[in-house]
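Swiss-Prot annotations:
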BINDING   ALA18, PHE19, SER20, GLY21, GLY22, LEU23, ASP24, THR25, SER26, ALA44, GLY130, THR132, ASP137, ASP195  ATP binding site
BINDING   TYR100, ASN136, ARG140, SER193, THR202, GLU204, GLU281  L-citrulline binding site
BINDING   THR132, ASN136, ASP137  L-aspartate binding site
Amino acid sequence: MSNTILQNLPKGQKVGIAFSGGLDTSAALLWMRQKGAVPYAYTANLGQPDEDDYNAIPKKAMAYGAENARLIDCRSQLAHEGIAAIQCGAFHISTGGIPYFNTTPLGRAVTGTMLVAAMKEDDVNIWGDGSTFKGNDIERFYRYGLLTNPNLKIYKPWLDVQFIEELGGRLEMSQFLIENGFDYKMSVEKAYSTDSNMLGATHEAKDLEQLSTGMKIVKPIMGVAFWDEKVEIKPETVTVTFEDGVPVALNGKHFDNAVDLILEANRIGGRHGLGMSDQIENRIIEAKSRGIYEAPGMALLHIAYERLVTGIHNEDTIEQYRINGIRLGRLLYQGRWFDPQALMLRETAQRWVAKAITGTVTLELRRGNDFTILNTESPNLTYEAERLSMEKVEDAPFDPVDRIGQLTMRNLDVSDTRGKLGIYAQTGLLSAIKDSVLPQLGKK
């Protein structure tokens, strides 16, 4: 068995812990200190919409026994990776045409690299976090951690039998903190769990594990419950502007900071409940899970970006963009966002697709994912209404005689296709009988 993963607490050694300030990591930090480890706490500021005071989290970690506690601002890098995902269409999960924007995998890519880099600065080479053995994050963090620090060792309290036996549940952890002089009150248990960052929110587990439980039990944290008729949502006209594949303006207001632009996109999309979806997905270990997702800003930017993609690029380029986007989305989901095969796909899309995406898209947002595209403007559009106008136009790009020639050339492949279908009929793969879908394949 690999010695990269430590199954017992490394006493007397520095142990970095990704500290959220919640019950699990608070109890784990205090427990590790009492058992003889030297815990260092690292908190990622990912612009979580449900976090009010980031500066209070490191102070809390120090109170629980951290040797040192640091707040790492990851927002700029997260915004950069989120925009890269949009440029590449790196989204492989969708239901009814509504994608999951891989917001949690993007957050893990940033957290896993930036926190471990901060640990290296403090000469901390053992890392722990709150991911469980059934989920995706345990593998994502493992990969990103070792990519950043090849000498890293992994210690997870939730894989330590002693920790589980002593503090195996929320009640036990809460009592442990109270017994040690901390006035800890458990939050009201929700019917599901939530994980979020600036790009989106994930709601899953507990009641949401039952497919008979719908989205309506979720209380959105990035927007409104658009399904509730009591919630007033007025139609809103929005413009989104891209330059060289990068979103730069919303409603005519230019942003020099990608973080500020994404936060404003969240506010705009959130007013309508845009980007919420209900997905069944395959986890890395191939078991299926179900999640309810929010990503109002990502959805808004994605809609505008794809509109420009279809108006600017040719059919084969769009096809490769979509196919490669699905492949890249899966690599991102698996924790391989910085692997060579992912970098190759990213480079292709960002260089040859995104660089041409300059323009402004005007939309009307209504409730949920209901929207209308009102206008598409770009100096790079290859869409020209005159080319296929049903009206008579001067200097038409082609005339009826040209089309006759083009259709005549089709005789070659139509003849080949008919021949192949005849072979299939002779071998029994297709039937040429009366009620067949291809009854005319007889030799007459």
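Quick reminder: no glycine exception, Cβ is built from N, Cα and C everywhere.
In this structure, the CA atom of GLY22 (ATP binding site) is 26 Å away from the CA atom of TYR100 (L-citrulline binding site). Residues TYR100, ASN136, ARG140, SER193, THR202, GLU204, GLU281, recorded as binding L-citrulline, reach a greatest CA to CA spacing of 19 Å.
Comparing Cβ neighbour counts within 10 Å across the binding-site residues GLY22, GLY130, the minimum falls on GLY22. Rounded to a whole number, the distance between the Cα atoms of ASP24 (ATP binding site) and ARG140 (L-citrulline binding site) is 19 Å. Across the fold, the C-alpha of THR202 (L-citrulline binding site) and the C-alpha of ASP137 (ATP binding site) stand 13 Å from each other. For THR202 (L-citrulline binding site), the number of other Cβ atoms no farther than 10 Å from its own Cβ, over all displayed protein chains, is 21. Contacts of GLU204 (L-citrulline binding site) defined by a Cβ separation under 8 A and a same-chain sequence distance of 6+ are given as TYR192, SER193, SER289, ARG290, GLY291, ILE292, in order along the sequence. Using CA atoms as reference points, the binding-site residues ALA18, SER20, SER26, ASP137 were checked against TYR100 (L-citrulline binding site), and the closest is ASP137. Secondary structure from DSSP puts SER193 (L-citrulline binding site) in a beta strand. Across the fold, the C-alpha of ASP24 (ATP binding site) and the C-alpha of THR132 (L-aspartate binding site) stand 12 Å from each other.
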